[in-house]
Structure formats: C-alpha cells, structure tokens
C-alpha cells in the first residue's frame, strides 16, 4: 500500500500567508524532495464554503430523493412493490458508486476535482428530475382516483433514468470525498488541527441530519400538497447555490493530489503471500521480516500483530529478493514490507464487521420505505383543522431520533459511561455499533406489532375513506409509527456514527476516501438485499393461500409477517456480530504502543516514590 509523499496542488492564487487569525502554517515536500514549500491550513476559515456547500447540497439532493417513492407511485403510476424495488436498487447503485468514486479520487483526480464533477452532476440530475414533473410529455397521464392507471412509456422512463444516473454520479462522488476533503483543511499534526477535525466530524453529521429534517418536512410538504413542480424546483435552486458556494472557495482550499490507488498495495501483499506460501514462518516477525519505511511515509507505522500470519510471508526475504540502493524492493510484487502487510491485516479484520453492519442497515432501509405506505393507509390528521402530515414526512422522526440522541449520547451518556469504564468514548466503537444493531432489531420487532394493529383496526372498525390505488384508510393514528422510527434513529446514532469513526480509525491513513466509501457500500448491499427480499417475498406469496404479504392494499397483505421475518434475520446477524467482535483486535500504532509503555513506566516510578516516602 505504498504511497507518494504528501503533495498538494498549488496555484498562483493559493499563496501561503500567515495572518495571525488561526491559519495553520506548515511545510511539505514535493515528490522530488528537492523543493520545500509552505502550506497553509486555513481550517475554520474555509468551513463556510465547505459546510455551506454541504448543507445546500444535502437539502437539495435529499429534497429530490426523499419523496421519490411517493413520486413514482403518484406521478409515474408505478405499483408500490415496483417503486420500492426501484428505490432500493437506485440507493444501492449510489452507494456502490462511492467505491468507484473513491478509487478514481485516490488514483487519478484527487478530492477537489472529484467533488467538482460531482456537485455539477447532482445539479444536472435534479434539473432532469424536475423536468419529468414540469413537462407534461415526460410523465404519464395523471391517474386521479381511478383504480387502474396508464404507466410510463419507454421515453419517459429513459428520461427519468437519465436524471437518476446523474444523481448516481453526483452523490456517488460526494459521499466518500466531502468528509475527507473537509478534514484536509486542518493540519493533522497540530493540536488545533486535530481538535478542528473532530469538531468538523460533529458538524458534518449535524448538517446531514439537519438537511434531512428540512427536506422531509418543508420540501416534502410542498411536493405532496402544493405542487410537484414547485417542490422539485427548490432542490434545483439549492443545488445551484451549493455549486456557487463550493467554487467560491477554489483558491482557499488545501487540495491534496491523487497519490495512487491503495488497492495496488493490497494486491501486491496478497500476490506475494501466495507466491511464498511454501515458506516457513519466521521465528521473530518483528525483527526478521523486511520492513523498510521510506522517508515521508504517508501512514503511521503499525505494531506487529499475530493474526492472519499467512500474510507475513509477503515480507519474508529470500535469496531471490533484491533491494534498490534506497532500500526499497526491486520487485514490489514479490517482496512487501511488514508495514504493508499490517495495513492489509487492518482491512481483512474490518471485513467481517462490515458485513454485519451491511445486514444491520437492512432494517434502516426498510424503515425508509414501507412506513411511508403504512402512513398513507393510517390516520394522518393532526389537530382539529384536518391538516394531514404527508406520508413521506414520517421518516423525519427517524432523523429527529438520531439527532436528539446524538446530543444526549455526547453530553450525558458518554460522561456517565466514562466514569464507569475509564474509556474516553465511554464505550468501545464495536460496543457502540453492537448497541445500534440491537436497537435496529427492536425497531423491526415493534414494526411488526404496529402493522398487525393497524391492519386489525382497518378490518374491524370504521375506516376513514380510501387511499387511491391502495385500500381503505385505517382509523389508527399514524403516530403509532413514531416509536419504531425513533428506535431506528437511535440505532443510527449508535451504529452509523460509530461505523464511520470505526472505519476512519481502523483503515490506513491513505485510505480515507475508501473508509468513507465502504460505509456507503455496506448501505448499498443492504439496499440490494432489501430489493431481493421484497421481490422474492412478493413472488413467493403472491399466489399462496395465505395471501400476498406485500399486496398493494396493505389491509389485504401480511406486512407484519415480513417485518417479523426481518427481525429473525436481525437476531441471527446480531449473534454473528458479537462473535466477530469478540475476536477483533484494534489497530495499534508504534507511537501508541510507546505511549502506553511510557505511561506504565511513569506509573511504576510514581508508585516506587510513594513507597519510599511511606517508608
């Protein structure tokens, strides 16, 4: 996983300066090592551009996507299970796109150029989606209260898919890069820079949830109750503002250049380990394995770990292995350093945890879709004036639960747990993720009982009318959906934030974009899994005696059975996660190991001095 030394883009306008106002001045060396350049980390001075772009971009893209499920059923006249399948597949494609964007970012373009293309693609995609609503010929004839409707033609579907494809390019490029790009603006070697990075992470998640709340309330209400054209125009305008704000800070950003894909380093370690699989393990890996560390190495050096020792053979020197004058291997595909091997071990250790998190996110994915349909066939009236909460807005309770609990967790829970456990974060990252998996399981269990009650009331008590192309509206208040959504939000506060921090801390430093992308790839896996399960259950139960579990009319379906099935899957996944977490070992750098040794020695000296004083 060898990487070029840290290098940034420089322009005539990006001149270093020190204004005494918080800019962090440091030096860096270019790739040739001959020229010393001064680099200014402006930190919070450029955050108005980055966070402003982040806020408007998130409100814009979420405003376009959050109500897309209802848009496909009401404007494009698609069936519920078809719309849910499309949304899940679309979300999965966006999330998988983050992996390819991270690869292109780290290998060729760098984060600034990748984000530049992505924000423009998001703007164009939102324009295309707007046109499908504003231009009559780009969507089917309105259905009204008819029981059967005309679906979209091929041209209309193609234009819609073109808009979605642009959003895939845009969101796929933004998600893995914007968090790392913001962190690039702080000096990671200074105390103020480290504090700035931690604070930026908090602002990032606050902005993300704030944008979702605004989109799921104001924007969704306008789309559902005023006009789809006006409601989709708002995201277009916000995305345009996001582009303007982002490019306004062009000359102020620290722009880290692409430094080569870390995937090549992973492939080299695996290839070398396979070639040398017949060699005997060395007796003292710490001293006997080849471990040349080049100057200005981008990653922190890691302490040797005895897990996955078959990979150690990639760093065993044989008579056939030759070294260059600078100490590096002549054939990096045949001889790797112990440092590179340890970096691959970090990734291998994360994969089982990542898989459990991907299955966990299935619960969150489903809470974003079918509760909308449940709300549409429930009593959504609020107050005595007959105001109805839009079905797509109920997901805001998931975001609100997440936002409120993050504050409670940071201000109340962590300090309390810190006094008990002695850990800075109160609990370990894996304990935090495991807590999220438990709350997700609880959320699905309650979802099943709530749907069972909603359907029973619809079948046994007077209804409130008929939802077009669905069925009779149950008199059960849609507010009963809030507990399951709040629990899902708490699960996200534990698991989503915990995952992001976990990947960033456990991956090597030159894989920050991949650390961001792997989180979304896991969400993409869950979206495809949700689509597969929905399609399979629908086809399997469609002609069964018990009836279709996922019928268009939820009153005739068995959605609660589907929820209970997912609960069982969550229970199995939680057992798997606990097993994998038990054998997981956190990454330890040599600096951290030395710090622990020094702390132990200082404590020993203090105890000895206390003993002498006592005597």
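One is the number of the first residue shown, and numbering goes on along the chain from there.
Using N, Cα and C of the backbone, Cβ positions are placed for all residues, glycine too.
Automatic, uncurated: that is what TrEMBL annotation is.
Small disclaimer: the values here were computed from a predicted structure and weren't measured.
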Field: Range annotated as transmembrane segment in TrEMBL, from 38-61, 158-181, 254-277
entry: 158-181
Message: Need the matching range: TrEMBL marks transmembrane segment on one of 389-409, 452-472, and I'd like to know which.
response: 389-409
- request: For the transmembrane segment (478-497) and the transmembrane segment (347-369), decide whether they are in contact, meaning at least 3 CB pairs lie under 8 A, counting pairs 6 or more apart in sequence.
  value: yes
- prompt: Of the stretches 81-105, 158-181, 347-369, 518-541, 561-579, which racks up the most C-beta pairs under 8 Å with the transmembrane segment (429-450)?
  reply: 561-579
- line: With the greatest number of Cβ pairs under 8 Å to the transmembrane segment (81-105), the stretch among 158-181, 347-369, 518-541 is 518-541
Task: Would you kindly list the residues that approach the transmembrane segment (347-369) from elsewhere in its chain, counting only those six or more residues past its ends and only Cβ-Cβ distances under 8 Å?
output: 69, 84, 87-88, 91, 266, 307-308, 311, 395, 398, 430, 433, 436-437, 440-441, 443-444, 447, 484-485, 488, 491-492, 495, 499, 502-503, 506-507, 511, 518, 521-523, 525-527, 529-530, 533, 563, 566, 569-570, 573, 576-577, 580-581, 584-585
- request: Could you tell me what the rest of the chain brings near the transmembrane segment (518-541), counting residues at least six beyond its ends with Cβ under 8 Å?
  value: 81, 84-85, 88-89, 91-96, 98-99, 175-176, 350, 354-355, 357-362, 364-366, 369, 496, 499-500, 503, 507, 547-550, 558, 562, 565-566
